[in-house]
Amino acid sequence: MAGGGGATQTPEQQQAAIDAALENKSLSNYLYYICACVSAAVIIWRVWTVIVNYVRTVACLNNDNQRYFAETDSKVAWLKRNVLYAPIFGKRHNREIQMSRAINVGTLPSRLQLLFLAGYLGTNIAFCVINIPFASSFAAAAGQLRNRTGTLAVVNMIPLFLMAGRNNPLIQLLGISFDTFNLLHRWFGRIVILEAVAHTLAWWSNKANSSSWESGWQSIVAVPFLLFGFIATCAFVGLGIQASSPIRHAFYETFKLLHILLAIAAVIGTWYHLQMKALPQLKYLWPVVIFWAGDRAWRAVRVFYGNVGHGGSKALVEALPGNACRVTVTMARPWTFGPGQHAYMYLPAISWWQSHPFSVAWSEEAEDPQAEKVSLNRQDILSMRKTSMSFIIRARTGMTDKLYRKAAACPDGRMITSCMLEGPYGGLHGMRSYGTVMLFAGGVGITHQVPHVRDLVAGYANGTVAARKVVLVWIIQSPEHLEWIRPWMTEILAMEKRRDILRIMLFVSRPRSTKEIHSPSATVQMFPGRPNIETIIKSEQESQVGTMGISVCGPGALSDEVRRAVRDRQHDSAIDFNEEAFSW
């Protein structure tokens, strides 16, 4: 509620208002300078790591020893242990905090994330109050505080909406995952909410000081300029309430729709609030609209192009043991896919307006048997290829549960339905430059690791990767879960030189009997119970080849356990850590 009118001002008051407006503009620029400096530092770090990974890959292609790259630098090891990979305290980071079985309050940020968020929040608080004349009259202080907080709220909406987009260009530029940007989006949203509420209360308290709280409400209802500002503030507060972790986790699918509607209401309310008095802060709202509309439009283009025509994309859904589905999508057009990537799946027959992210577990290209082989030009050859993308979806609640039940009710537990995929996204952290690769997976998290295994084994046979040892550790509750990936694992185990590089360790946490536990070979071993992560990593570290890359995808407790083991062994040899997570 910037502005608000008032009595005729003296020349001194007019000059003070001009100075305050200039200071608001300067502080807004300082916020962007801070974000730009942080981004520049991250870009420098990303460029450095890309160069290091490339040099390491090239240098190790024909080097089976890789001793130089196994050594660690004490300063880098300290930085990884205490900053880059460190939780706030102890070992808890990605394990969800459960108040009860029904109440989930989310996860904790990492130490580095906390440092940035605390610094940015502190900067915003300081910028809200710096040089506000609190010792002057109440009206003057409240007026400047109102304008300052309103300006900063709109300024922070730009990074807020940029971080919310799936096609956020900063993901690739900075090498920061969508999951991390999702965390930052939630906290930037809380900052915007606090500043919007402070903006409204500053105006209302000043109105109450000169007349009454009731007259403030009457003004809001009677003046469209004030009404739209109040609507925007209420929408922001509503966003904060419904996006709180317990509500978000309990009613996620409803949350997504309501979140979009409230965000639209907040933007429209802010737009008309600023436009009605031609306030200078309106210029900050244009990028917000462009980012949001651009992301939605580009997503629609990608979905349409990838799934429409040539009969459309179709999904074969197979109900599997362990309350899971294998979904194989035959794409309308060829797709390119890399290890570690995921896609958003639309299943109109199950949930017509929702999309959900799933890791791409397997992809294949085959010739379309229905294509007419008349012309042999490049475009026709491409059109005859069919790409299939496979996913494993564990039945939880909502859409995933409905999908499993519908497939299980079909003859042979199989059904074909229309489907659309959006993507692929992610895949920022490749494993090709590491001499020793350890891939940890818990449950359905195996879908993230299988493409890495396939890529590394093929690369080893072709001489295009640095990897000389690949260890896959998969923790499952029951042997029947092996059926999830059996056809793909059969292909991997038959690959050339697989025995020279790949070792698989399967841990069954809840076997029905010891007879279920048997190791097919020396390179594929099965164990009862849960693994000792520290012991496994220590054992592999003793015979480490080159730099070790460790990746984990699974429940938060597993991720935290692997993270702790990696941090504890940083000073023994060179180890990098990557965690694949989607904190919703």
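The backbone N, Cα and C atoms fix where each Cβ goes, and this holds for glycine too.
According to TrEMBL, the protein has these features:
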| type | residues | note |
| --- | --- | --- |
| TRANSMEM | 30-48 | transmembrane segment |
| TRANSMEM | 114-136 | transmembrane segment |
| TRANSMEM | 148-166 | transmembrane segment |
| TRANSMEM | 187-205 | transmembrane segment |
| TRANSMEM | 217-243 | transmembrane segment |
| TRANSMEM | 255-274 | transmembrane segment |
| DOMAIN | 296-431 | domain 'FAD-binding FR-type' |
Cβ contacts under 8 Å made by the transmembrane segment (148-166) with residues that lie 6+ beyond its boundaries: 1-2, 20, 24-25, 27-28, 31-32, 35, 124, 127-129, 132, 178, 181-182, 184-185, 188-189, 191-192, 195-196, 198-199, 202, 267, 270, 274, 281, 284-285, 287-288, 291-292, 294-295, 299, 344, 422, 425
PLDDT averaged over every residue in the domain 'FAD-binding FR-type' (296-431): 87
DSSP-assigned states of the domain 'FAD-binding FR-type' (296-431) in counts, ordered helix, strand, coil: 31 helix, 58 strand, 47 coil
